[in-house]
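Participant: One structure, pasted below without further comment.
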Amino acid sequence: MTSSPILVSARVQATNRNTFVWVPLLVLGGSTALTLAIWWVVKTASAEAQLFSGSVQAPFWYLLVVGAQTVALTFPFTQALSLSRRDFWLGAMLNFSVFSLLFGTLLWLLGLVERATGGWWMNGRMFAFPLKLEGGVNIPEAGSPWYLLLYALMAMMALSVGFAFGTVYKRFGPAGLTLAITGTVGALIALLYLSIQGDWWPTLQAWFPLDRFPGNVAIITALIAALGILVSWALIRKVPA
């Protein structure tokens, strides 16, 4: 029985287990261990301190690179196997989706451990937001199912955005990638300036009210991921082998 070309493409891209298994675990484990060590030092000086760390973001920066490397390193091999660009793209999306779900589940489970241990026995928060917004709006506690969704979407966002920039690199070369990154940052700065000058904040607050903060964050993350997916699909068909 002949394997689906999409599954063949996915297997080729997932051949190196370091990419999707060991390195993400090392980054997550290393950042977590360092955070706990720092917390322990702080606790020895101030027993009443409530601790927070954003170190959970570390693996997502790595996933941004993974998304870009997927195009740069594995695309030529799939073309040598006579797989179509469509099959390559779908194989990548399959890998990204499965990994994002599994990685989101792992971070959610660590959040459950964090809540069960009272913040790693040190009243700390690493796998949940420490915020309480204006108007008494509470952020979900660590271990809430919302975090499973959010972390899965964040992983997909990082991978798809990296993948989009990787296709830009393969299509237009280093100069094109540099222009794309510069243009993206410039556009974000311009939007920030226009939002301040045009007093857009009341409108934005009406679109994304604080009492819907968890859902709003998930929606924005999903939209960014979708944009990366659409850009990569639009460009992959023109990428030279």
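Cβ coordinates come from backbone N, Cα and C, glycine included.
Those TrEMBL annotations? Automatic predictions, nothing curated.
Annotations per TrEMBL:
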TRANSMEM  20-40  transmembrane segment
TRANSMEM  60-81  transmembrane segment
TRANSMEM  88-113  transmembrane segment
TRANSMEM  146-169  transmembrane segment
TRANSMEM  176-196  transmembrane segment
TRANSMEM  216-236  transmembrane segment
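Tell me about the surroundings of these features in the structure.
Facilitator: With a cut-off of 8 Å between Cβ atoms, the residues of this chain six or more beyond the transmembrane segment (20-40) that come close are 14, 51, 53, 55-56, 58-59, 62-63, 66, 95, 99, 103, 106-107, 110, 120, 122, 124, 126.
Residues 6-14, 20, 24, 28, 32, 56, 59, 67, 70-71, 74-75, 78-79, 126-128, 142-145, 147-156, 159-160, 163, 229, 232-233, 236 of the same chain lie 6 or more positions beyond the ends of the transmembrane segment (88-113) yet place their CB under 8 Å from a CB of it.
Counting only same-chain residues 6+ beyond the ends of the transmembrane segment (216-236), those with a CB under 8 A from a CB of the stretch are 67, 71, 85, 88-89, 93, 146, 149-150, 153-154, 156-157, 160-164, 166-168, 171, 208-209.
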Participant: Quick test of the contact rule: Cβ under 8 Å, at least six residues beyond the ends. What residues does that give for the transmembrane segment (60-81)?
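Facilitator: For the transmembrane segment (60-81), the sequence-distant neighbours (Cβ-Cβ under 8 Å, at least 6 residues beyond its ends) are 8-9, 12-13, 19-20, 23-24, 27, 87-88, 91-92, 95-96, 154-155, 158-167, 169-170, 228, 232, 236, 239, 241.
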